[in-house]
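Visitor: Sharing the record's features from TrEMBL:
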| type | residues | note |
| --- | --- | --- |
| TRANSMEM | 65-82 | transmembrane segment |
| TRANSMEM | 88-108 | transmembrane segment |
| TRANSMEM | 120-142 | transmembrane segment |
| DOMAIN | 177-357 | domain 'K+ potassium transporter integral membrane' |
| TRANSMEM | 181-208 | transmembrane segment |
| TRANSMEM | 229-251 | transmembrane segment |
| TRANSMEM | 263-285 | transmembrane segment |
| TRANSMEM | 290-313 | transmembrane segment |
| TRANSMEM | 319-336 | transmembrane segment |
| TRANSMEM | 356-376 | transmembrane segment |
| DOMAIN | 370-628 | domain 'K+ potassium transporter C-terminal' |
Amino acid sequence: MSADDSGEGGTFALYSLLCRHAKLSLLPNQQAADEELSSYRYGPSSAQAASSSALRRFLEKHKRLRTALLLVVLFGACMLIGDGVLTSAISAELLLLACIILVGLFALQHCGTHRVAFMFAPIVIIWLLFIFSIGLYNIIYWNPKIVYALSPHYIVKFFRETGKDGWLSLGGILLSITEPFFWPVFVVATLAAIVGSQAVITATFSIVKQCHALGCFPRVKVVHTSKHIYGQIYIPEINWILMVLTLAVTIGFQDTTLIGNAYGLACMTVMFITTFLMGLVIVFVWQRNFFLATFFLLFFWLIEGTYLSAALMKVPQGGWLPLALSVIFMLIMYIWHYGTRRKYNYDLHNKVSLKWVLGLGPSLGIVRVPGIGLIYSELTTGVPSIFSHFVTNLPAFHKVLVFVCVKSVPVPYVSPDERFLIGRVCPRPYRMYRCIVRYGYKDIQRDDGDFENLLVQSVAEFIQMEAVEPHYSSSETSPSVDGRMAVISTRDIRSSMTLTVTEQDFVSVVDDDSIHSGSSKSNTLQSLRSMYEDDTPSIRRRQVRFQLPPNPRMDPVVREELMDLIRAKEAGVAYIMGHSYVKARRNSSFIKKLAIDIGYSFLRKNCRGPSVALNIPHISLIEVGMIYYV
């Protein structure tokens, strides 16, 4: 129980914990600045690990071993997803009633766990008192045996086989239930099974969210269902897929013995893999002796292996189901991770030369118009290759450019005070900055409409900080790029006097003043905004205007840069993304073409788009197409 990641458990939580203490991740997007996060350090430092673990260095050196470790973790996560299907399917035996209950269970998921969990305490109390009363009644009047009940399908099976009265054997514990008590026991047992199934379904949502954050699952819609419980989520696509699979298993098998065999194999496989990851945690995180970890694995694998081997013998009798489900989900996860990794490596090795950008001059060889251009890229350093497409295809570009990278780090949560990393891409006259937005695998990206304002304030704070601490002002010409990026906290923004903020709440999706004022907005753009307002629900946002307070001691160069930033914000913000098409090279193997051209392309076309996942307003989005030959 101590092998957790700041309170988070499971295969992916342990994997992310291992990735922080050893370079096991296959995505090379980690930075030295990530290690300075307050939630990053958990256990001994990585420096101690580097000096004491030969196994760590061995795994870091061999990519195939790291890939094998990822496959083991994915297999464990997929088995847990299969467990979410089987737990709900095994909860009832009356087919029609079971289907009705299952449909209702999945339909209630968008209320979140807190809506269903209100039944938990009453069910526990009723279960204990009611079953105890039944047991006492049977002990006194019928048979002096201990009474135990667990799941409604056992009760149904008992009455089918024995008639009105009799005994039901449940793992060596005998259950005696008379006919008058059948339906009350059945109702309470069904409610208890619903609560248990709901908990496993919610765990499945959490697993999928973690897989996506670590680049192992396609983009899906994640809904935060509770204002009071942080991290409680609902994923509509996964919910309905689980419902269809659960109904298919319930209707297809119609035998809880077969479903029980599948359930047992899924549970034991997850336990077996978790124990393996626990052994690695002992070595890499806790820095204990290798022989202690080996003894731990042998001891628990001897126990779990006995149960696992027994479960494997049931593969022909239903045990094949979790294996089949795991293979399907595992293919989806690994193909997505493989395609994501190949696309990132393409960007990494085809970055635009900084000398080429500097050679264009501060105007970049085109007209620089008022406004802020947010260029989204997955790179944390350098200029992405798609930037050259923007410069060569667009007749004009914004005066202020910010390269934005939204990335996940292998920690559960990132404090808002540590979320933004701000730096400069080119010298001051170019007005080009970099912003890295960091999230943990349990964090939720909220659409609160405040991202633009926080970004402007963060850049302004960086400009002011740069004037005081000159070591941030050098350009990206030396290898240590991350050292010149500053963490801008929301606490610093609130207490800073760099910019003064005036704001007011209004219910709209765009700024009405910008539409009806006598600005350079075209009639076409105004009509598009009106159509967007009609199709989009009204939400309460903040109208923020920035001003530069009088400060005679401020450097005139810094004041000019801050005024350019304010004027650019007033002119408007545009979101610029690459609409990428990923294809395998012509000389690639058949398997690679099958994975990239068919598998990865199919997943990209049928998952949520990156602009939707990042909550980018469609009216302000500019996309430029680009083909990636990986």
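Glycine is no exception: its Cβ is also placed from the backbone N, Cα and C atoms.
Show me how these features fit into the shown structure, please.
Guide: Using a Cβ-Cβ cut-off under 8 Å and counting only residues 6 or more beyond its ends in the same chain, the transmembrane segment (263-285) has close neighbours at 3, 10-11, 14-15, 17-18, 21-22, 42-44, 49, 53, 55-56, 72-73, 75-76, 79-80, 82-83, 86-87, 90, 292-294, 296-297, 300-301, 304-305, 307-308, 310-312, 314-315, 319, 322-323.
Mean model confidence of the domain 'K+ potassium transporter C-terminal' (370-628) amounts to 77 (pLDDT, 0 to 100 scale).
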Visitor: Which bits of the chain, at least 6 residues beyond where the transmembrane segment (65-82) starts or stops, bring a Cβ under 8 A of a Cβ in it?
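Guide: Residues packing against the transmembrane segment (65-82) from afar: 10-12, 15, 24-26, 58-59, 203-204, 207-208, 210-211, 216, 262, 266, 269-270, 273-274, 276-277, 321-322, 325-327, 329-330, 333-334, 337.
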